Amino acid sequence: MPFFKTKLLFKPTAVDENYGSKNMSVIEASVNHNFLTASEEYLMKEKGYTFIRHIGEGSYAKVFLAKFVQEGKPEVQLACKIINTRMAPREFVVKFLPREIDILSKITHPYIVHVYSIYHKAFNYLIFMRYAEMGDLLDYIVAKGELPEKVGRTWFHQLASAIYYLHNLNIAHRDIKCENILITKSYNVKLADFGFARYVCDGNGRHLLSNTYCGSLAYASPEILRGRAYFPKCSDIWSLGVVLYIMLNKCMPFRDGNVKVLYKQQLAKRWTFRAKVETTISAAAVNMVKYLLEPDFRKRILIKDVMKDRWFTDEGLYLSNDCNQALDLASKYKSEMVCKKSVKGPKVWDKEEKDFTLISKERDPITSASVYFDPTLGSQSLGGGSVTSTTTDVDLDSKHSEPERQLSNIQITEQVEEKETESRTSTDNKSN
């Protein structure tokens with residue numbers, strides 16, 4: 001494959017489930033389109049689901065705030081993503097959507113957004129997820145600034161635990177970025193958006209290369225930018241490195257939207273911590289970023305070694321019992337979690353279909369012992385608050401889907417930069 005000539009299917013925003021560039025005329029035309037009829041809303045209300053208001057949308061998906069009421073249980077606030085397959089590209093309908101639904105119906109983890117149920121009728125798929133009141137990590141960092149190392153370590157350990165779980169099940173996420181990391185009301189993080197996720201092993205346990213160059217440009221690994229077949233797990237690790245760098249610096253590690261220039265910067269390890277951060281950050285934190293942003297995927301750290309790194313263990317952070325419990329629960333699906341040559345596409349429209357079909361039944365989330373950051377203590381940044389207690393966090397929330405922000409990767413870079421002028425260590429030097 002010629003250098004940099006491959007088709008890159010990069011996702012530009014958090015809310016949109018599309019890949020590639022936006023078609024604004026399609027988005028605007030769909031704003032006033034009702035995905036569900038009044039009778040369909042009534043059918044869902046009979047099942048306990050009530051739609052409250054519209055909170056976000058993409059090219060062929062809308063997100064609604066909803067509530068679920070079940071006899072004998074407390075009311076649950078949910079986000080419902082409604083995907084209209086008539087408006088979606090065929091490749092998405094026959095390839096990506098079946099993978100997403102299959103994976104979401106099998107996984108459950110304390111630090112992965114909890115999918116409560118999935119329904120289907122005619123052209124529509126309804127994915128009910130726990131609603132995340134506090135938004136996503138990008139919004140948080142833009143509003144509050146870089147995270148203190150103590151908070152960054154805790155949140156990154158939670159995120160790494162989620163990736164450890166997925167990789168142990170031979171699932172690659174392939175779209176790890178700050179917009180897809182959600183924050184609960186207890187200030188814990190959850191990984192979301194499995195639109196590009198896939199199984200990475202065949203039926204014989206052999207790891208397969210991926211030829212779909214997806215995700216977001218700013219988080220893409222060198223091997224993806226190179227345009228050659230790649231190991232998806234290795235690329236997930238690179239994306240984790242970009243996220244951690246942003247957590248600690250409030251800026252992107254590499255600063256060019258041109259693919260060739262970006263690729264050269266990655267190979268040259270042309271990133272450095274901001275001057276004001278560099279004086280306070282620990283060597284272990286810098287080393288963690290260094291291990292994750294290793295341009296040679298053969299030398300890049302594995303997730304199992306990330307979990308054992310001294311940056312975590314010196315602070316008493318280990319894989320928790322609830323994370324191990326999640327792996328045990330998923331083991332019954334392990335034999336099914338393989339890449340198949342032919343994937344059964346979503347059910348096609350049936351004019352005789354009178355009711356919604358339950359694809360993935362209601363599941364209770366795994367409860368987890370979670371760190372709670374009290375926003376009233378410490379610095380003005382919520383992330384700067386003291387770690388006050390350990391609590392049982394049963395709110396495994398879903399994506400807080402705000403109206404589209406239309407952020408390109410370059411605009412994201414500009415947003416996370418602070419406005420004031422400050423001296424910066426030369427980007428020509430390698431980070432130690």
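Using the three backbone atoms N, Cα and C, a Cβ is placed for every residue, glycine included.
Since we're looking at a predicted model, the values are computed, not measured.
LYS81 (ATP binding site) falls within a strand when secondary structure is assigned with DSSP. Taken from TrEMBL, the feature ATP binding site covers LYS81.
According to TrEMBL, the feature compositional bias 'Basic and acidic residues' maps to 396-405 (among others).
Positions annotated as compositional bias 'Basic and acidic residues' by TrEMBL: 416-432 (among others).
Residues or ranges marked as domain 'Protein kinase' in TrEMBL: 49-312.
Taken from TrEMBL, the feature region 'Disordered' covers 382-432.
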Key: Other C-beta atoms that fall within 10 angstroms of the C-beta of LYS81 (ATP binding site)   = 24
Inquiry  = Taking only the residues in the domain 'Protein kinase' (49-312), give me the average pLDDT of this model.
reply    = 93
